[in-house]
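What TrEMBL records for this protein:
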ACT_SITE  A:HIS395  active site, GMP-histidine intermediate
BINDING   A:ASP148, A:HIS228  Mn(2+) 1 binding site
BINDING   A:227-231, A:339-340, A:371-374, A:395-398  GMP binding site
BINDING   A:HIS257, A:HIS339  Mn(2+) 2 binding site
Amino acid sequence: MKDELINGNDLIALGYPANAVMKECKIILETHLSTLPKEQALEKFKLVLEDTQAFTEDDIWKNVAKILLSKPAKVIIELKDLSKSGTYNIFGQEYIEPGAKQQMQLAMRLPITHSGALMPDAHQGYGLPIGGVLATDNAVIPYGVGVDIGCRMCLSILDIPLYHFDENASKFKRELIAHTVFGAGAPRLKNRADHAVLHDPAFDQVPFLKQLQEKAAMQLGTSGSGNHFVEWGIVKIQDEQNEWNLPTGKYVGILSHSGSRGLGAQVAGHYTKLAEKLCSLPQEVKRLAYLSLDSQEGQEYWLAMELAGNYASACHHDIHQRLVEATGAEVLARVENHHNFAWKEQHGGKDLIVHRKGATPAGKGVLGIIPGSMTAPGFIVKGRGLATALDSASHGAGRLMSRKQALIKNNWNELRSMLKDHNVTLIGAGLDEAPTAYKNINQVMQAQSELVDIVGTFKPRIVRMADA
DNA sequence: ATGTCC
């Protein structure tokens with residue numbers, strides 16, 4: 001081949017895919033076509049592309065033919081131009097790291113995205129940021145829900161007198177240890193669980209779920225690890241108009257935070273992989289791969305997601321029930337909500353799929369729980385239904401430090417002193433969960449005063465988390 | 001988040 005050289009762009013212009021075939025073409029160019037004029041060489045490439053089948057046995061071209069036939073060019077879905085992606089509202093702008101905003105901006109550019117919002121506890125995650133809310137059109141993003149599907153809060157307000165709790169603190173601590181199970185992969189202790197959710201028809205409707213049924217039974221009522229907890233604490237009801245007609249004042253309560261354990265994690269992993277296979281997005285957003293709700297896979301994910309949500313809910317109820325029975329308490333009121341989930345909702349008269357990944361549903365009048373930290377209060381909230389926040393609020397204070405960073409910066413002396421100051425007994429946990437690793441919950445609540453009203457607070461007193 | 005890549 002004389003004078004001008006053929007390059008990759010020439011081949012792509014002919015219609016060649018930009019994949020492994022390029023390497024083979026380069027070898028042929030160098031070893032067999034080096035003396036041919038450019039036009040003639042291009043003609044040859046064109047012929048191979050048009051009649052690939054005829055070259056599958058050709059000594060020179062068989063590798064090229066094989067790749068052309070086996071690997072059809074993958075169509076990468078294009079992101080919307082920034083100018084057409086629409087804006088999203090950020091609450092608590094000053095508390096949010098740039099990485100989380102960049103992730104949200106990318107999510108806004110998906111072709112399926114309708115609208116979005118970022119909560120004041122937001123920080124970087126896989127795919128959608130934690131604290132990200134994304135409304136899409138008839139499609140679900142497994143990583144827009146998160147790895148721990150149905151991760152949620154549950155608060156039981158009890159009839160136990162405060163003085164009884166204080167006088168018997170060691171018994172309450174013992175029962176908390178006896179009736180909660182922490183640790184990754186940890187199975188339930190002793191008695192085998194039975195619960196309607198373990199017989200959910202979804203286990204038979206979705207083949208992938210069948211193999212997870214036994215694991216789900218083994219782990220029912222367990223809490224897992226990470227930032228999950230079960231705690232005794234003091235509820236303070238301050239809204240006189242509360243729905244339970246409870247007199248304002250202090251109550252003993254149980255607050256728990258956990259999700260769908262191995263069941264949800266396996267579902268998330270499986271359908272994320274499937275989505276990435278079926279929905280090729282540019283590298284920087286590949287974790288936002290989505291499934292159409294009209295597809296078999298999308299419908300399966302939705303069913304599996306709802307099962308994982310119900311399972312997570314059952315886990316909380318099981319934990320609360322055992323603690324309530326062990327202490328002879330009665331439940332006066334209960335507040336609970338998912339904060340890693342997707343819902344079918346109407347916004348502005350349009351049917352949408354609303355993903356909340358680390359965000360609390362806050363539709364008008366909807367109750368929820370936003371935890372603080374092991375020493376900072378959590379909040380019982382009532383949604384204000386702000387449209388620009390897509391009826392959402394934060395799911396907590398949000399991390400200030402990464403786990404790794406927190407392990408380096410925090411120390412046990414400081415943590416022990418904080419626990420003492422706040423009259424908190426801690427069982428388990430590591431320095432990565434120290435209160436100093438989290439944002440200031442009061443600032444976060446201030447930043448979302450348009451999103452939720454405060455009904456009451458919860459001050460942790462005996463906290464159990466997974467061992468470090 | 002989960003016994004951490006089918």
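Think of each number as a place in line: the chain as shown, counted from 1.
Just so you know, glycine gets a Cβ as well, placed from its N, Cα and C.
When Cβ neighbours within 10 Å are tallied across all protein chains shown, the highest count among the binding-site residues A:ASN227, A:ASN340 belongs to A:ASN340. In terms of C-alpha distance, the listed recorded positions A:ASP148, A:HIS257, A:HIS395 place A:HIS395 closest to A:GLY372 (GMP binding site). Across the fold, the C-alpha of A:GLY396 (GMP binding site) and the C-alpha of A:ASP148 (Mn(2+) 1 binding site) stand 16 Å from each other. Cβ neighbours of A:GLY398 (GMP binding site) (same chain, under 8 Å, six or more residues apart in sequence): A:TYR95, A:MET119, A:PRO120, A:ASP121, A:ALA122, A:HIS123, A:ILE130, A:GLY131, A:GLY358, A:TYR438, A:LYS439, A:VAL444. Counting other Cβ atoms within 10 Å of each Cβ, the lowest count among the recorded positions A:HIS228, A:HIS257, A:HIS339, A:HIS395 belongs to A:HIS228. Using A:HIS228 (Mn(2+) 1 binding site) as the reference Cα, a 10 A cut-off selects A:HIS257 from the recorded positions A:HIS257, A:HIS339, A:MET374, A:HIS395.
Of A:ASP148, A:HIS257, A:HIS395, all annotated as recorded positions, the residue with the shortest Cα distance to A:ASN340 (GMP binding site) is A:ASP148.
A:MET374 (GMP binding site) falls outside any helix or strand according to DSSP and counts as coil. On its own chain, A:PHE229 (GMP binding site) has A:SER223, A:LEU255, A:SER256, A:HIS257, A:SER258, A:MET374, A:ALA429, A:VAL463, A:ARG464, A:MET465 as residues at least 6 apart in sequence with a Cβ closer than 8 Å to its own Cβ. Among the recorded positions A:ASN227, A:GLU231, A:HIS395, the ones whose Cα sits within 10 Å of the Cα of A:HIS339 (Mn(2+) 2 binding site) are A:HIS395, in sequence order.
Rounded to a whole number, the distance between the Cα atoms of A:ASP148 (Mn(2+) 1 binding site) and A:ASN227 (GMP binding site) is 12 Å. Fewest other C-beta atoms within 10 angstroms, among the binding-site residues A:GLY372, A:GLY396, are seen around A:GLY372. A strand conformation is recorded for A:GLU231 (GMP binding site) in the three-state DSSP classification. A:ASP148 (Mn(2+) 1 binding site) sits 20 Å from A:GLU231 (GMP binding site), taking the C-alpha atoms as the reference points. DSSP gives A:ASN340 (GMP binding site) a strand state.
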